[in-house]
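Remarks on the structure that follows.
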């Protein structure tokens, strides 16, 4: 490019963020030598007045307009007015919308920014999963007040897998084990009872689960952890804590994690 010569300009116009159109323009521009082009992004274009302003600016700069406008009225208006002003345009998303509509036999939703809402939903899920890992097994009481939901119960009542499963439903879940020798965190009693779910299980089933756990670890099943009297003591203690909090309680006996998680989800949404 000659010294002092103005770089070619491309206006990127979008009814959302405009990142997609800008990436396409820059990818195309990278195929050319020289000093490149100047990209001027105009996001969130939702009215005809803004379209008129952009067309005027593009005309003055002898620029072209690349756009991703999904709302038909605004897209049509831009095309008509740009043609009248003799400003070149490139419709980046329109042809793809038409082809996919033809392929799927469906009409587009014509909603700006859907892809970013999908991304936001994905990151909420990731955040919830990280939260469940960080505040698993009562390892940090601060998680109790930060959580959408707190699960409480004795060991091996599916608190951890439930926390992970509910995280995939975008819920931030902390869980706290209840052990007779350890006083629960005081934060637990400051929460609304609606934010706490107690998990109970039949002594016999818990005995079997714990015995199998000890076997997996190579330990003797006679250990206190799988002793039926000790289990009944733990369950009675946990029941007392749940009554003290006044939280709803779910019996997880003979229930799959998915079934219990769906019950919790429906309770939480009420």
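Any Cβ shown, glycine's included, is placed from N, Cα and C.
Listed in Swiss-Prot:
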type: BINDING; residues: 153, 154, 155, 156, 157, 158, 159, 160; note: ADP binding site
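On the structure: features taken from Swiss-Prot.
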residue	record	contacts (Cβ under 8 Å, 6+ apart)
153	ADP binding site	159, 175, 177, 178, 198, 199, 200, 201, 238, 252
154	ADP binding site	177, 178, 179, 201, 206, 231, 234, 235, 238
155	ADP binding site	177, 179, 210, 225, 234
156	ADP binding site	201, 206, 209, 210, 213
157	ADP binding site	199, 200, 201, 206, 252
158	ADP binding site	199, 252, 257, 260
160	ADP binding site	132, 136, 137, 175
Additional residues around ADP, ordered along the sequence, whose Cβ is within 8 Å of the centroid of 153, 154, 155, 156, 157, 158, 159, 160: 175, 177, 199, 201
Specify the count of other C-beta atoms within 10 Å of the C-beta of residue 159 (ADP binding site). 26
